[in-house]
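Colleague: Marked as domain 'ABC transmembrane type-1' by TrEMBL: A:66-253. Taken from TrEMBL, the feature transmembrane segment applies to A:12-34, A:70-92, A:99-125, A:137-157, A:178-201, A:237-256.
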Amino acid sequence: MSRGLFRGRGLQIYTWLVIAWLVVPIAVMILFGFNDTKGRFNTTFQGFTLKWYGQLFEIDALTQALVNSLLIAVLTMVIAGVLGSLIGLALGRYRFRGAALLTLVMFAAISCAEIVMGASLHSLFITLGLPEGFPTIVIAHVMFSISFVAVTVRARVMTLDTSLEEAARDLGASTWDTFRLVTLPMIFPGVLAGSMLAFALSIDDFVITNFTAGGTTTFPLWIWGVTRVGIPPQVNIMGTLIFAAGLLIAVVNIVAARRRRA
Amino acid sequence: MRTLRARLTPYALIFPGGLWLAIFFVVPTLVMLSLSLQSGNVVDGFAFTWNWHSYVDGVTTYHDQIIRSLLYGLAATVIQILIGFPVAYWIAFKGGNNKSVYLFLVLLPFLVSFVLRTISWQFLLSDNGILLGPLRDAGLLPQDFRVLATPYAVIGGLSYNFLPFMILPMYVALERIDPRLLEAAQDLYASRFHTFLRVVLPLSLPGVFAGVLMTFVPASSDYVNSSVLGGTNTTMIGNVIQNQFLVNQDYPVASALSFTLMALLLIGIFAYARALGTEDVLEVAAR
């Protein structure tokens, strides 16, 4: 039986065209990491080379920016992962006064314009006289990631059966043991997905980082800084490597999900 | 004792994360509101004076940029619905066993930094770049034809950058539609067109609503696309806020503009929710 209302291949071809449009800039980014460019402007393709891969870490400021981005993303993943999961667990499992207010604040944080959040945090830091830098970036990234983690974990918690935990407690397990041995393994896929989302949001963030970075540079901020001067091929390669890592994780996920279903 | 402890458990769980959100999300918004009503300058310091002038000054000086931002955001949102809906529809109804693969392909741009993606378009669309260069040389385009620094480039960039946010929620809504409803409609002699109009479209509206929410807000408040792809006549309110905060350090006006933007977006979202007949915005968006 064929689902849907439309026959023919028109929509299928259309979908592939849109996907192609979405992928074009990525292909260009990857291609120009292999460009044998002479000057600082990496704008015309002048031949294939692998030399930039050999000189990947030649630009110290860029390398430092990438290291900063990775460190901030890992810290955000861990902190927002834990704090967001706790909120997700509370919202998915318990009915309590204040749950609606918390949900409202989280929804506001998810749908708020990034520039408004960045500007507000910047206002807070200048009012307090707090110097901006690495710690303030982490504070900001954890702030905007918590809600996403909480929503992801809450969705997982709501699908779970509480009888397993009751059984554990009936069998004499302490609250902590029940959590550690029963609840945590059951919600772990949600925690993992939420934490990975936090990592991805953090490593890509530009707007809020731009408002809270002070003199510290992250990968997107560094690229922004050299936009008018010219983007060196190393940027393309780092972008390519981040893309490849993300692709690998996603493909492993999809394959694993298919195995489980099969 | 046991019941008290059970009652306190959820509060203990939400405490650290809730506190983080309160201190670094709720409080800063209030601080910004206060800053927007202060007067003074960066050298002599600022004092709270109920100074509404920042709002008047900001809005009168930058009304062009405010209106432009909302129009660009609206244009990008409409374009994304038009481009994205058929894609979401096809994946939901015809994706078969490969739905997750197609969705993954749609989400691929998110594996590349937002700034880098936009710069990639700047490069593709540049006046002598790989797209326009050959076309102009072949005489297919006039010599002075350009895409960069026009509103089209900015709106195109915005549409590109947030499209996956539009497709994803529309897909989720369409995927939930029970195919038996379509069969029922057809059994009752509804034409394909009418089945689409009366069954598929209404059932997909929550997805479209969520998609609009997820794309209109970031598109109309963006300053990356207009900086990278636009020119001096495509400046958006995001560019102004960024510049006032980080370069001119005129905090009261910058805060007033950001608050105005936030208010306009909130009004827009609620008006839109009312127009759609959605009673509870939160409920739909939370789904």
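Placed from the backbone N, Cα and C atoms, the Cβ positions cover glycine too.
I'd like to know what surrounds each of these features in this structure.
Modeller: Within the chain, the transmembrane segment (A:12-34) has long-range Cβ neighbours (under 8 A, six or more residues past its boundaries) at 42, 45, 48-50, 52-53, 233, 236-237, 239-240, 243.
Here the transmembrane segment (A:137-157) has long-range neighbours at 72-73, 75-76, 79-81, 83-85, 87-89, 91-93, 106-107, 109-110, 114, 117-118, 121, 187, 189-191, 193-195, 197-198, 201-202, 205, 208-209, 211-213, 216, 218, meaning same-chain residues at least 6 beyond its ends whose C-beta is under 8 angstroms from one of its own.
Residues of the same chain lying 6 or more positions beyond the ends of the transmembrane segment (A:178-201) and with a Cβ under 8 Å from any Cβ of it are 73-74, 76-78, 80-81, 84-85, 88-89, 141, 144-145, 148-153, 155-157, 160, 164-165, 168-169, 246, 249.
Within the chain carrying the transmembrane segment (A:237-256), a Cβ under 8 angstroms from the stretch's Cβ atoms is held by residues 26, 29-30, 33, 52-53, 56, 62, 66, 196, 200, 203, 219, all 6 or more beyond its ends.
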Colleague: If we skip the immediate neighbours and take only residues 6+ beyond the ends of the transmembrane segment (A:70-92), which ones have a Cβ under 8 Å from one of its Cβ atoms?
Modeller: 99, 102-103, 106, 134, 137-138, 141-142, 145-158, 183, 187, 190-191, 194-196, 198-199, 201-203, 218
